[in-house]
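Swiss-Prot lists K27, L28, V29, N30, T31, K52, R71 with the feature substrate binding site. Taken from Swiss-Prot, the feature disulfide bond applies to C12-C70, C26-C81, C44-C96, C51-C58, supported by similarity to another entry.
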Amino acid sequence: SGSSPSSNSNYCNLMMFCRKMTQGKCKLVNTFVHESLADVKAVCSQKKVACKNGQTNCYQSNSAMRITDCRQTGSSKYPNCTCKTTRAEKHIIVACEGKXFMP
């Protein structure tokens, strides 16, 4: 999506605000994946794993991907939503659905 994590610890606060993810309430957790859409879509044909919610349409990436993990801070209250920004390289799990099987 053209967004890449910088050394800026405000990355999560900025991105979640810009993408209107904090309208009406603070979002507890969000993960931004910094890989091409094609690479993320490809996960739907990789390793099938159990979903946390019991569904059976989750897939894990074969290789680690660059992510930014955003978690609401304990003192954060709407409308002043604040998040902790953590960068990592991890295998991602996506739920895939539809005819073309998209994440």
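Backbone N, Cα and C define each Cβ position, glycine as well.
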Shortest C-alpha distance to C96 (disulfide bond) - which of the recorded positions C26, N30, C70: N30
Top Cα neighbour of C44 (disulfide bond) in the set of recorded positions C12, L28, N30, C58: C58
Under 8 Å by Cβ from C51 (disulfide bond), same chain, sequence gap 6 or more: N57, C58, I93, A95
K52 (substrate binding site), number of other Cβ atoms within 10 Å: 9
CB contacts for C44 (disulfide bond) [other CB atoms within 10 A, all chains]: 19
Residues that sit under 8 angstroms from C12 (disulfide bond) by C-beta distance, when 6+ apart in the chain: N30, F32, T68, C70, C83, K84, T85
